[in-house]
Structures are given as structure tokens and as C-alpha cells.
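> Once you've had a glance at the structure underneath, I'll fire off some questions.
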Amino acid sequence: MNQPSGNKLPHVTTRRMLDMKERGEKIAMLTAYDYTMARILDRSGVDAILVGDSASNVFAGHSTTLPMTVDEMIYHAKAVVRGVQAETRRAMVIVDMPFMSYQLSPEDAVRNAGKIMKEHECDAVKMEGGKVIAEAVKRITDIGIPVMGHLGLMPQSIYKYGSYKVRAMEEEEARQLIEDAKIIEEAGAFAIVLEKIPSKLAGEVSRLLTIPTIGIGAGPECDGQVLVINDMLGLSTDFRPRFVRRYADLSSVIEQAVKSYVEDVRSNSFPSEDESY
């Protein structure tokens, strides 16, 4: 993305995220999957927008994130990037690499990361996993593509876990998570998402790493926070985990608006003369 001109705030980069951690400034990230929402988020001041494979759940209605493909992620990413470019161009845009787009081999990972970056002007990709994907992370960053890691609860591994419960509650798994975080940082990641792990552990990881940690259900000691936009706006009425704070109840607002529209159409009070040509 190009740098904004005039009085607009500078575009958030990997360097700026590192600076924010060093200064103790919290990083605010939200998901978006379309042009309109991306415009709203960018002008509202978020630091980063994640084009999440959670689109599989909230956009397409699947029960897991696994069905998303590289081409589907690119479709959503293009829309989000256009939305950001239409506004302040401030927010960093990060795109999830979907299931099986990087797990087969480092070569496959590089190829798919390159495709995602080449087909639109996003800023980085995100990958789930620790030591097992370290070589892929290194290879991708070596060719100039920034990578955000993801540890703790990893939705692409849901069938391995068997549930969405809190991860790293036991000492052995907590030690492994710390080790994986160090490995992913050493492989070149510029930040790591920590999902649904104990707050104390997230704080420990955040202090150990020089790169920012972005928490989702990981407590207040992370360097930043991320939520799925549909959850925090109250659009996902059948899903409300403990870590989600709802800032609006848009489901009810939309439902009432649609009911009013239907009533106006059926009563022939819409459109009026002022709304006609």
C-alpha cells in the first residue's frame, strides 16, 4: 500500500507494530471480510485488519475454518484492501493462510503466500503453528513476505483438539507453547496471535518475546487484542464466548429495520413521492 499524504496518519507497518510494543502502546486489530466493513474499520482507527479464515464461519456458515481456499481468501482480501485504500490507508491488512495452503511443504507455503501477496496489496500473511511450520515461516520471510504467527487454540487443528477449550492449561503444554513462540520469532515472524490461553501465560510470553503478541481470549497482558467483528458487533447471536465483549447489538437493530421495511412495503408507504422519480 502507498503511504497516505497530507494530515492522514501513517500506514501501520511491521516496524510500527514493533515500535508500539517498545513504547507500551496497545495494538487494536479486528477482522473484516468485505469492502464496506474495511472502510468503516480503517476510518475508525484500528491498527490492523485481519482477513480471517473465520470468514468460513461468519460469512459462509461452515462449522469450522477448514473449508476456506486460497482463492476464497484472496477474494475477501481484495475487497478489504480496496476498502482500506478508499479511506485513510492506515490499517495494516493481514491475510490468513487457509488450511493446507502451507502445511504440506515449505515450497508449497512460499508458493501460496506469494500468490496471496501478489494478487492484492496486503501487508502480511498469518499462519497457525509452532515448530512444525518454522521452516515455512523462515522461507516466506526470507523472500520478503511478513508473517504473523498464531499459537494456543488453533482453529485449523480443531479435529486434533476435539474442542475449542482453553489451551496450555497444563504445565507441559504451556512449556511447549513458550518454546514454539520463541521458535516462530526466531524464524522471522513480526507478531504472534495468542488464542484462548491463560492470561498469566500470555503475559509471560509477551515479556519473553521482542515481537508483539495479539491476544484473543488471552487476557490483558498481550501487546494487543483482536476480535471477530461479527462477534463484537453482536451479529453472531448464537456464539458468545467469555472473551468477547459486545459493543453493539446489531442483530436486533438490523432485524427491526428489516421488519419496518417489510411493513412499509406491504402497506404501500414505501416508496413515497419524495423517494420516486
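Cβ atoms are placed via backbone N, Cα and C, with glycine included.
Sharing the feature lines straight out of Swiss-Prot:
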type: ACT_SITE; residues: Glu195; note: active site, proton acceptor
type: BINDING; residues: Asp53, Ser54, Asp96, Lys126; note: 3-methyl-2-oxobutanoate binding site
type: BINDING; residues: Asp53, Asp96, Glu128; note: Mg(2+) binding site
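Distances, neighbours, how buried they are, the whole picture for these features please.
Secondary structure at Glu195 (active site, proton acceptor), taken from DSSP and collapsed to helix, strand or coil, is strand.
The number of other CB atoms found within 10 A of the CB of Asp96 (3-methyl-2-oxobutanoate binding site), across every protein chain shown, is 29.
Classification of Asp96 (3-methyl-2-oxobutanoate binding site) by DSSP places it within a strand.
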> Measure from the CA atom of Ser54 (3-methyl-2-oxobutanoate binding site) to the CA atom of Glu195 (active site, proton acceptor) and give the result in Å, rounded to a whole number.
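Cα-Cα, rounded: 13 Å.
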> When you average the Cβ positions of Asp53, Asp96, Glu128 for the Mg(2+) site, which other residues in that chain have a Cβ within 8 Å of that mean position?
Gly52, Ser54, Thr65, Met68, Met97, Pro98, Phe99, Lys126, Met127, His150, Pro155, Gln156
> Can you tell me the CA-to-CA distance separating Asp53 (3-methyl-2-oxobutanoate binding site) and Glu128 (Mg(2+) binding site), as a whole number of Å?
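On Cα coordinates alone, these residues lie 11 Å apart.
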> What does DSSP say about Asp53 (3-methyl-2-oxobutanoate binding site): helix, strand or coil?
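Note: Asp53 (3-methyl-2-oxobutanoate binding site) is coil by DSSP, not helix or strand.
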